[in-house]
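Colleague: Take a look at this one; I'll ask things after.
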């Protein structure tokens, strides 16, 4: 018996470590070559060969006592975790961020001090498809960045489009269901697009995103050649507790490229993954500028009053002519994952992960995501998902909280008290943000709110059709959308969608009628929608969504969820306008 293993010993290793200090090292394991490892069972027992098994004689049945075989099969049966309900197919890499232009006048976040850097992990993805679906599907692209700042992780959850299909939070699960397989035929909308167009034709606020999806930006040429947009309005708070609304953009330094529908059909199913991986392997490191648009609280109110643009509406955009982009920093991806599952499949982004100086706005879809994202991670990966190396923060201080136990608790905070102890007190840092000033005092009666479609909801789409696209882009759009509609088996759905497009442009609707052979409605004033109130209906009986008689609160001339004059307290307006 060695001295370290004697009865009176306090250690069990030659280097003096105690038994509780012995563990496998993640970084060492990640970097190890196969030649440096020894084949063992999961409990570390060496085995002579991975393919052998115990039998009762050479031609007899297998033996239950063969732990090696049982260990192998049992883990194999469980080696998949649930795929993401949304954004299941994705790619990712690691890199670094650097603040090139200080933004401390906007935010007290430490990461926005000039010259500050931090490691990052980025995951790109499609939205509606399954984990084995095609990279070149016509679909929005997810674009999420995990900034490991000195004040904790900041997860910027974004898409490659500045808007989305909806602005009412409760619609999201229903919308995603229509992008999945049909419950009866089990077909995707590549073969049966009826569900897809049925939803869109009943929820006209989706039209701007539909036009982006069916236009040239609908199939990016890989992940390196696309921009990213948070879409949601955030708040940035400076050290004086003065705050502004902000939109965050990530602009590709490689520029943007797209694939036509025909070109996409010639690409392999993992085209974007292959492009990203080998670009990094070959030293062609992709990078993006991080920029913001900002506006004061008073400007947000005026933007609604004068232009009917709602900063809390995920289907609206901020005009860059009025609110120009301001570059803050840039980031580069220069390191591929060593293990895709550990570093990309298990990476978990959460829009409620914000360091001091960044706060959420009252955007209802953002508010719902603050709950939904961490909730799905706890289900999909486990309650201690943030202890996984790819998700853990890299702060200089030792983290402490009272979240203990649960499945796979690796960092379980030792023998420290699991409550607020006066015997062994935990340390605290004073709050750097005055929440009483940066969050509104919401006082009012509870209301059952559903937005309504209004004439201003078509302005951005009309500008896209008339001012942004050239005629070749318009023709490609008509070809893309009519081709997809060919798999929709209800002409009534197409007639309704053409009526929605006619509110954007009669030229657009007329071209689509010619391409599909179906005459659409003259507009939406004579339609009732099951998903949204129709503020353009001429007949009052058609205004309420799904015929909700007695429940529809008429909001014509109202705010439709926007911040109107008086939304923000006077003290907040004065502080904001006086500084920015």
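Residue numbering: from 1, along the chain as shown.
Cβ coordinates come from backbone N, Cα and C, glycine included.
Unlike curated entries, TrEMBL annotations are predicted automatically.
Under the heading active site, TrEMBL lists 87, 159. Per TrEMBL, the feature heme binding site maps to 373. Residues or ranges marked as compositional bias 'Low complexity' in TrEMBL: 1-14, 558-567. Residues annotated as domain 'Catalase core' in TrEMBL: 40-427. Look at TrEMBL and you will find 1-20, 558-580 tagged as region 'Disordered'.
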Colleague: For the compositional bias 'Low complexity' (558-567), DSSP counts of helix, strand and coil?
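Modeller: Looking at the compositional bias 'Low complexity' (558-567) with DSSP, the answer is 0 helix, 0 strand, 10 coil.
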Colleague: Roughly how many angstrom lie between the C-alpha atoms of residue 87 (active site) and residue 159 (active site)?
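Modeller: Here the two Cα atoms are 10 Å apart.
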Colleague: So if I draw a 10 Å sphere around the Cβ of residue 159 (active site), how many other Cβ atoms end up inside it?
Modeller: 23
Colleague: Determine the Cβ neighbour count for the residue listed as 'heme binding site': the number of other Cβ atoms within 10 Å of its Cβ.
Modeller: 19
Colleague: Write down the Cα-Cα distance for residue 159 (active site) and the residue listed as 'heme binding site', rounded and given in Å.
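Modeller: Cα of the residue listed as 'heme binding site' to Cα of residue 159 (active site) measures 15 Å after rounding.
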Colleague: Given the model, what does the mean pLDDT over the domain 'Catalase core' (40-427) come out as?
Modeller: 95
